Amino acid sequence: AVLDGDVRKCLPCGPRNRGRCFGPRICCGEELGCYLGTPETLRCQEESFLPTPCESGRKPCGGDGASCAAPGICCSSEGCVADPACEREALFA
């Protein structure tokens, strides 16, 4: 997908705001791993009310607009799956 200048980073979330929202109930960070449907994800529901789309993660994985969310984890706004393409070494290859 071609990135244009309009895409902003999704809201920060989780302990000390070290994660990013990946969906309304998903918060992930490189050091945190992923929270799904926990109190850490409550802030992510605010994304639904913001008018512009957002993007989290750097490396695409798994299709359907998903991207690497934490080492070994690939997330879309719908959920997360284990994905070896997202291992820490692969992120910086």
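Each residue's number is its place along the chain shown, starting with 1.
Glycine too: its Cβ is placed from the backbone N, Cα and C atoms.
Swiss-Prot lists a disulfide bond between C27 and one candidate from C10, C13; that candidate is C13.
Taken residue by residue with DSSP, C21 (disulfide bond) is part of a strand.
For C80 (disulfide bond), the same-chain residues lying six or more positions away in sequence with a CB closer than 8 A to its CB are F22, I26, C28, C34, L36, A69, I73, C74.
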